[in-house]
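Below you'll find the structure, written out as structure tokens, and then a few comments.
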Ligand SMILES: *Cc1c(COP(=O)(O)O)cnc(C)c1O
């Protein structure tokens, strides 16, 4: 990154996210270590879980790179078009389906939709065949998630019909786990068995389909039997574990988020802080106002609960988190001054606050913390 951009970001007052691409590479190596010769679909939906879909895709599958990623996964057409317009030519799986009104763009941008209903299948094959095109599709089965997909009982006839269409190439079949993050994998095993049964039947019938997949990060990490021939890591690429239990797998969060000190003031005991006056200082205190709020994705539930790092000291959030600003008790960090940075997510001076800790305090999951980081926060990318 150029010095010019760095200067520009430094001059800004809002929060700044710094993304370590070398850590992303190491997390990807942890995926590879577990899957042998199976292939990888890197999940970069929701702006790559808040990390910036285009730069992350460029790092993973850009012209000069070879990270051995077979496909990219996004949720919606708009996300895929953004990648195509940025010059990403890699296969992209549209993981929410194939809306009929989007078929012209799906074909034009050479995207790979999920299929799970007869109407989309008919419309897509007609549209593609008329243009002499053949569109890769993956057939989605619902084996227990209850979200999207065909019932298992309808899978084989549907796949058979799809394979007979001129404009269609069935490249994959897949399903999605509902609770592969739990220590108790009994429901996950049922889902795995259901997919395996269809996969085995396809092979017996000599119906050639290239990919069979269902492993998300959780299954990659602790359900090796479910890897089939393609895995779909999301969260673990960004450095967090979805697992209920502790893991030995060394993942490293790739994003650190900092905010700027806008004001510091010494106030007497009994001073109320922020909207609703939910906090009163109990002693003479040093209070810092920092440049991040719920509009930037810092959850309002962290009011009087969250913690940031100021000058290497953990500093509690005091009073309610505001839209653009948050107050901290920095009495233990007396040298903090206006213009300094505090760490919202990340490590500083031997202390660390990561998105999983914030998530627990805010009664959510690290996924939601990461993909909630707002548009106002510039992302800067480093490769060490
Ligand atoms: C989001 C998503 C994933 C990735 O899940 P992680 O838990 O982040 O690894 C995989 N597959 C599908 C269909 C998804 O929607």
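Cβ from N, Cα, C; glycine included.
Taken verbatim from TrEMBL:
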{"type": "ACT_SITE", "residues": "45", "note": "active site, proton acceptor"}
{"type": "ACT_SITE", "residues": "275", "note": "active site, proton acceptor"}
{"type": "BINDING", "residues": "147, 323", "note": "substrate binding site"}
{"type": "DOMAIN", "residues": "254-382", "note": "domain 'Alanine racemase C-terminal'"}
{"type": "MOD_RES", "residues": "45", "note": "N6-(pyridoxal phosphate)lysine"}
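Features per TrEMBL, on structure.
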residue	record	DSSP class
45	active site, proton acceptor	helix
147	substrate binding site	coil
275	active site, proton acceptor	helix
323	substrate binding site	coil
Checklist line | Helix-strand-coil residue split for the domain 'Alanine racemase C-terminal' (254-382), DSSP-based | finding: 22 helix, 51 strand, 56 coil
Item checked: Shortest C-alpha distance to residue 45 (active site, proton acceptor) - which of the recorded positions 147, 275, 323 -> 147
Checklist line | Sparsest-packed among the recorded positions, when each Cβ's other Cβ atoms within 10 Å are tallied, from 45, 147 | finding: 147
Note to self: Need one number: mean pLDDT over the domain 'Alanine racemase C-terminal' (254-382).
What the structure shows: 97
Note to self: Are there any residues at least 6 positions away along the chain from residue 275 (active site, proton acceptor) with a Cβ closer than 8 Å to its Cβ? List them or say none.
What the structure shows: 319, 320, 322
Check: List, in sequence order, the same-chain residues at least six positions removed whose CB sits under 8 Å from that of residue 323 (substrate binding site)?
Finding: 293, 294, 295
